[in-house]
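K.L.:
The following block contains the structure, expressed as structure tokens.
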Amino acid sequence: MLLLATPEQLVRYSSPSAPHWRQSAGRYSLSGLMLSVHSVDLLSSKTGPNRMEHHTDHYHGNALIIRRGQTFQIELDLSRPFNSNTDKLHLDLRTGPLPMVSKNTHVIIQLVEELEDNRWEAKIVERNGNRIKLSVNSHAKAVIGKYKLTVTVESPKGRSATTRDPRKDIVMLFNPWCEDDTVYMDDEEEKKEYVLNDTGRLYYGTEKQIGDRTWNYGQFLEGMLEACLYVLEKSEIPPPGRGDPVNVVRVISAMINSQDDNGVLAGNWSGNYVGGVSPTAWNGSVEILKKYHKEGGLPVKYGQCWVFSGVTTTVLRGLGIPCRSVTNFQSAHDTDVSLTTDMYFDEKMEPFDELNTDSVWNFHVWNDCWMARPDLPPGNGGWQALDATPQETSQGTFRCGPASVTAIRTGQVYLKYDTPFIFAEVNSDKIYWQRNLDGIFTQIQCEKKAVGHCISTKAVGSDKRNDITHLYKYTEGSEEERIAVETASRYGTKPDVYSTSMAEDVSLEVKLEGEGPRMGADAQLTIVMTNFSSQTRKTTLHIQVAVMYYTGVLKGTVKKDKMPVALKPNEVKAMQWVLPYHSYQDQLVDQAALMLTLSGRVSETQQVLATQTSFRLRTPDLREAVVGKKMTAKITFTNPLPRTLRGVVLRVEGLGLQEVKEVVVGDVGSHSTVTRTEHFIPTQAGHRKLVAALDCKQLTQVHGVADIVVQDQ
């Protein structure tokens, strides 16, 4: 039966399978027709609400990049209006090679009436004909990474699903703005610094001569997020484990070095960088990570500690974890888990090289990352130390951390991960041992303030250096600090090392005048001895100077000397000692560091005197660029050495200003000045930094920076 009527009347077919037309406010809808999705709009514009509200508008491109635990919106264009009474809809998000609901790598997002925190769910917030807008909420502990999106709709007429479109993939990051995320950070300025800042400062040198250099993290540039995710994908961590920042940072500390997993950077401390780039020549992480990604995971040559740290900062900030690079001066390397730095001497007080495996680096750079630590006792959240430089293995892999900085400070070295090693780096005592005639070693000296000085990081909101030593250790010599040291030592391989007390009435120290000696000149040092007793004291100081890599590895001795000293009762004696330039000019290695070792025995008391001091020969900074209206930079360099520098190369780069560019300078004569002018076209507005580094075998760690304000067109 077929009934006909006017347009204002209902038209109905007798067939039970035919569509039903219903009149609504003068319009007709096909609620019984098959429902399908014509298109999906992720509203992913950099200037749109999604990217702005999720603090991801700095990332290059127009993909949807969001942070977990926060709502975002998408729009769907359907084949007909959506009927909440008869139609159903859900989103499918899949990540990893084998997505599973039980592993939180396949997420099914259902429609709900009201959104609740900390749940995957969606709500229709707008309707406009065939288009609907959804507000989608994600879980605060969601797996991070790239998700493939499909949309499934269902009506009485059947089920329909979209096919995966790579252009509609969604990138999920950690969220320091979400209180339920483990990486939540309360202070807004700190989040701007430790997550959103794409440049920073790295510190090097010695505690008395701290050098600094600008480092381009560049986590928002084109291809960088993909490179960061690629590092994570190449790691051993399975996708279900990528929701826990403790797991993520631990595996990143392994992946940044190439020691046992073909990670990002190959370390090289030999001084021979043929086939790669000298570690001192890098200005930032961008070129390194892009090269690693482009070449399919082939380790980039070469890195040392500050490069490992800078790249780690880039990757973790790129993934949404607050992170900073940290430099520890006089950084110990404990090789036997004794939690002490041990120096062995034979019967004649000559260093026992075969046993002296512990060392003290002039400086060492690692990272702090911010997160709660639900796996540790309360109070151990906040900053966690992480070290990507391959030094010792942890559970069979070259990695280190995360270790709670609070646990390090209090000596709770039994808390994971790798807390004993980092504790020893910042707060171990330096203990001197002498072999007796019977072959037994006796403790003869204990330096309690030799390790862990001027722990430094870039200040929030400025380029100033922020000393954070107090976060890692109590005030040197305080009762709290001694308790922490003795607490830690009980868990080391020499738990009874502090059972013997020693009387001391003569002290020995080395002082540098002003900024310290310069490269190309004689090095003048002051040796100060103090007699605290009311009796005369006599000794002969044995003086040895060696050229040293910043890691504490000695290249060779350049001078030995002896100095007889007589001290009157309660006398303080300052003695000048000079190392001529010709003694070290042909022996220098990277960082231009020297180690001075003093030892002796007080004749009257048999007290052993021993101390070591490292000092850096200061190199000149490149003069800051003079920026003109046409965006040119003038780079000026003066050779401070009384010898010609061969094969000088300048590497110039700036985020939003200039990609990495090598400028061949050639040879630079003794005390000569060279000037190069570079032209560039800014591509990003705002405060930018142009960085230049000089690459030369005879002179390293020479660099400069110019601050440039780029206006919008």
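Cβ from N, Cα, C; glycine included.
No curator has checked TrEMBL annotations; they are predicted automatically.
These came from TrEMBL, pasted as-is:
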- CYS305: active site (ACT_SITE)
- HIS364: active site (ACT_SITE)
- ASP387: active site (ACT_SITE)
- ASN427, ASP429, GLU476, GLU481: Ca(2+) binding site (BINDING)
- 297-390: domain 'Transglutaminase-like' (DOMAIN)
K.L.:
With an 8 Å cut-off on Cβ-Cβ distance and a minimum sequence separation of at least 6, pull the same-chain contacts of GLU481 (Ca(2+) binding site), or say none.
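P.N.:
Set apart from GLU481 (Ca(2+) binding site) by at least 6 residues yet with Cβ under 8 Å, we have ASN427, LYS473, TYR474, THR475.
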K.L.:
Check the Cα-Cα distances from ASP429 (Ca(2+) binding site) to the active-site residues CYS305, HIS364, ASP387 and tell me which is shortest.
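P.N.:
So, spelling it out, the nearest of the active-site residues is HIS364.
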K.L.:
Output the one of CYS305, ASP387, ASP429, GLU476 that, of all these recorded positions, has the highest number of other Cβ atoms within 10 Å of its Cβ.
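P.N.:
Output for this query is ASP387.
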K.L.:
Tally of helix, strand and coil residues over the domain 'Transglutaminase-like' (297-390) according to DSSP?
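P.N.:
For that range the per-state counts are 15 helix, 39 strand, 40 coil.
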K.L.:
Out of CYS305, ASP387, GLU476, point to the one nearest HIS364 (active site) in space (Cα versus Cα); all of them are recorded positions in the record.
P.N.:
CYS305
K.L.:
With a radius of 8 angstroms around the mean position of the C-beta atoms of ASN427, ASP429, GLU476, GLU481, what other residues of the same chain does the Ca(2+) site pick up?
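P.N.:
Other same-chain residues with Cβ inside the cutoff are SER428, LYS448, LYS449, VAL451, GLY452, LYS473, TYR474, GLY477, ARG482, ALA484, VAL485.
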K.L.:
Over the domain 'Transglutaminase-like' (297-390), what is the model's average pLDDT?
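P.N.:
Over the domain 'Transglutaminase-like' (297-390), the predicted model scores a mean pLDDT of 90.
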K.L.:
Just to be sure I understand the packing, how many Cβ atoms besides its own are within 10 Å of the Cβ of HIS364 (active site)?
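P.N.:
That number is 27.
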